Amino acid sequence: MRVLQVLNSLTFRFIARYVIVLVSAVFAVMLLLFAYLSYGYFRELGDGIREELDTLEVVYRGQSLPGVQRYLRDQQSAPTGAHFSYLLTDARGAKLAGDLPRVPRYRELSGGWLAFQRALWFEGKSPDVDFLARSRDFGDGTRALVAYNFADAAQSGGMVFGTLVRAMVATLILGIIGGFFSASFAQRRLEEFSHRLSRIVRENVAERMPVEGEEGHLRELSLVTNSMLDQMSMLMQGIKQVSDNIAHDLRTPLTRIRNKLNQLRANLEPGGQEAVDRIIEDCDDLLSSFNALLRISALESGSRATADQALDLAVLLGDVVELYEPLANDKDIALRLEAPASCAVRGDSDLLFQLFANLVDNAIKYTPRGGEIAVALEGAGDSGARVEVRDSGPGIPAADRKNAFRRFYRLEASRGKEPGHGLGLALVQAIVQHHRGEVSLGDNRPGLRVRVELP
Amino acid sequence: MKVLLVEDDRSVGEYIAGELDAAGYDCALVADGETGLRRAREGGFDVLVVDRMLPELDGLAIVQALREAGDSTPVLVLSALGEVDDRVQGLHRGADDYLTKPFSMAELQARLEVLHRRAGSSGDAPTRLQVGDLEMDLLSQEVRRRDTRINLQPREYKLLEYLMRHAGQVVTRAMLLEHVWGYHFDPQTNVIDVHVSRLRQKIDRDFDAQLLSTVRGAGYRLGGD
């Protein structure tokens, strides 16, 4: 999986392409050089054969056959120099002189060149001894054939060529392997980068990408990303600030309207009083939304100084359950507390009470008549605790659970049906995070399970 | 009732003073801490309402200065922030009550009445409470109405005790949460109403005269005025 990922990575593809192009280029240059050297070799060889034929013709014309025979003997016994093979035949093709036994079966190449293989008549020898030859008629039917064995040259040429190919293949493989490792290194860096970034976006938008120790593009990318995150936080902050300001600024006039209405209702007929009572209730709902919103903001920004006292969570949960028990009872809901005798945690008792009151309140709101709600507390060793509030209501679909903690988020299903301002869970989360705890939603099969973990 | 209001925000101060005057209180408004402390020391006020944040001398400092001088005039501190720690600190430093802005005038009035009444009743701890024909024996924890004994759950007992101690006064839901349950929080639903209606069932159902009444827009009141 990981290998595939690296192979598919941009870096690897760049490096592989580069290595292939480089190796091909080097191979082409080498091939050109090889062709040039081979051409030079064969031209020299051809010139040598032609000169030899010229010499033979001159000797034949001057000294006839015995001169040629003498010349050939001299050539054979010469200790150095290129060793040509010779054959002199008469008009009928019979051998007159030379070291080749008879006229070979040859292939005709362009430009009067002949090629043959010696093994065709020397039995038992390796068949790939190649000769390049040229023959000439001396005018009276006598033909001279001068051949040169270029097998060695061909062999070393082949070896050079083979080595070249192997070297190229090795370069290619090494390049690809090197490319794989650099790509996997680059890939790992990028993965680290993206992991970190997604964690920042998911968990803590206040965190930033590290710039120290980074180099080059990654450093630049980190810097750009950080400034992007800064802007994002600023915008988010701005939106929160605006909504906070609206809530804050509307609270005072709203309170005054409420006060005035309360005074006015005394002078009204009973029918009018009821209408005013409903308006006052609406005012109270709005005020409670605004207050919840401002409390969430204060908790999130950390500007709210809170108490950090030792308290017994078992007692606190007992109080919550006791407070909500009559409400649950009215809906025929069994509200149970499962808790040890005591469970010490540190925190702000008012905030924690608010937290669990919200959860139990929600549970009662969404659990149908005759349902069940359990508040379960488990102490976790020396410090910390886990509380689960489980209900038998409709629950929250897995896809919506992440959003459920957003401010003003309400499930489509409950929108308009149940009272509430969609801030209950947002406040829960703000309080839990303020206590450095964690809150998660799960499935109670059926129903919702809210788990709160406090350190 | 004479109230001294120390509030630096002119519009808020004038609004509260105006509302209190309209409700029959005698309210003096002062805009800074120094003057506030001087006026408070001159005496003659039943209750002081002091803003938490004031230029130069803040609300808590005024309370502390008064208490150190042996002045026990009840003080209600107003806070714009409603920070719990602030609240705890305020009560610790001698304030008698704490209210978060903005508040309904009904809430402020209910609390002022309670503070005023508490200051009036001298320190003797009663062993019996009585409202109309409803009696509570604080020692045996027995509750009777006429000759019928009423069985109450512990929390119902505490609720009734608080209501009886403040008989004739308006008691708000926030006050009940703070004093009967001991938590300062904002319930999403009127969970208190359910408790009160249970209590009402027990003390009022079988009797002609209804003792526990709901005060719309404010809270509850036990007994007549």
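Using N, Cα and C of the backbone, Cβ positions are placed for all residues, glycine too.
What TrEMBL says about a protein is an automatic prediction, not a curated fact.
Per TrEMBL, transmembrane segment is recorded for A:15-37 (among others). The list of residues near the transmembrane segment (A:15-37) in space but at least 6 beyond its ends in sequence, with Cβ under 8 angstroms from a Cβ of it, reads 157, 160-161, 164-165, 168, 171-172, 175-176, 178-179, 182-183.
Within its own chain, the transmembrane segment (A:164-186) is flanked in space by residues 2, 6-7, 9, 11-12, 15-16, 18-20, 22-23, 26-27, 30-31, 34, which lie at least six positions past its ends and keep a Cβ under 8 Å from the stretch. The transmembrane segment feature in TrEMBL is assigned to A:164-186 (among others).
For A:245-455, the entry in TrEMBL reads domain 'Histidine kinase'.
Over the domain 'Histidine kinase' (A:245-455) the predicted model carries a mean pLDDT of 85.
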